[in-house]
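**Q** Take a look at this one; I'll ask things after.
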Amino acid sequence: MNKPYTKPDYEQELRRAGVRITRPRRIILNILNETEDHPDALEIFRRAVEEDDSISLSTVYHTMKLLEERGAIHRHAFAGGPSRFEQASGAHHDHIIDMDSGDVVEFHSDKIEKLQEEIARSLGFEIVHHRLELYCKKLKS
């Protein structure tokens, strides 16, 4: 049921849009491209300073804002925590948020997508955009 998707590399696209790709921006883009999780700005900062200790938290915030404005990343404001980020991709997916650990799991289900379309259509609507976030607790063994 889970379908893999690839995260695009936005560096070239940002250059075409006139955005200068500085070392901190490249490091942050690489972090987002290589990560499997949805880090917050502080976690991105921690990972960035491992590569270049001259990067400041302010630089991370400014870069994240720029990347969000350019459509290179998505900001998620999951309940109960700081904004989390992921590199934008063309493939739609939904999220399960583990309420105990805060972990975010991406998934795609054709069955859920079809049901949402059927419901919208039956009520006289066409889905333009949607976001599904399931807040869950792990099953006990």
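Count begins at 1; order follows the chain as displayed.
Keep in mind that glycine also has a Cβ here, set from the backbone N, Cα and C atoms.
Below are the features I grabbed from Swiss-Prot:
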REGION    1-89  region 'DNA-binding'
BINDING   H38, E86, H95, E106  Zn(2+) binding site
REGION    90-141  region 'Dimerization'
BINDING   H92, D94, E113, H130  Fe cation binding site
**Q** When you rank H92, D94, E113, H130 by Cα distance to H38 (Zn(2+) binding site), which of the binding-site residues ends up on top as the closest?
**A** D94
**Q** Around the C-beta of H38 (Zn(2+) binding site), how many further C-beta atoms are within 10 angstroms, looking at every protein chain?
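**A** Here the count is 22.
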**Q** So if I measure Cβ to Cβ from D94 (Fe cation binding site) and keep only same-chain residues at least 6 apart in sequence, which ones fall under 8 Å?
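**A** E106, F107, H108, S109, I112, R131, L132, E133, L134 - these are the non-local Cβ neighbours of D94 (Fe cation binding site), listed in sequence order.
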**Q** Can you give me the same-chain residues 6 or more apart in sequence from H95 (Zn(2+) binding site) with a CB-CB distance under 8 Å?
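**A** The answer is H38, H76, F78, V104, V105, E106, F107, L132, E133, L134.
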**Q** Hey, how far is H92 (Fe cation binding site) from E86 (Zn(2+) binding site), Cα to Cα, in Å?
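**A** Roughly 13 Å, rounded to the nearest whole number.
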**Q** Around the C-beta of H92 (Fe cation binding site), how many further C-beta atoms are within 10 angstroms, looking at every protein chain?
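**A** By my count, 13.
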**Q** Would you find the one among the binding-site residues E86, E106, E113 whose Cβ has the most company, meaning other Cβ atoms within 10 Å?
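**A** Highest number of other Cβ atoms within 10 Å: E86.
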**Q** Would you mind reading off the Cα separation of E113 (Fe cation binding site) from E86 (Zn(2+) binding site), to the nearest angstrom?
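**A** E113 (Fe cation binding site) and E86 (Zn(2+) binding site) have their Cα atoms 21 Å apart.
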**Q** In Å, rounded, how far does the Cα of H130 (Fe cation binding site) sit from the Cα of E86 (Zn(2+) binding site)?
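**A** Cα-Cα, rounded: 17 Å.
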**Q** Determine the Cβ neighbour count for H130 (Fe cation binding site): the number of other Cβ atoms within 10 Å of its Cβ.
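**A** Neighbour count, Cβ to Cβ under the 10 Å cut-off: 11.
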**Q** Quick check: with H38, E86, H95, E106 left out, which same-chain residues have Cβ atoms within 8 Å of the centroid of the Zn(2+) site Cβ atoms?
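**A** Once H38, E86, H95, E106 are set aside, the remaining close residues are D37, H76, R84, H93, V104, V105.
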**Q** According to DSSP, how is the region 'Dimerization' (90-141) divided among helix, strand and coil residues?
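**A** So the counts come to 13 helix, 13 strand, 26 coil.
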**Q** Hey, for the Fe cation site built from H92, D94, E113, H130, who else sits with CB inside 8 A of the CB center?
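**A** Going along the sequence, the neighbours appear as H93, H108, I112, Q116, R131, L132.
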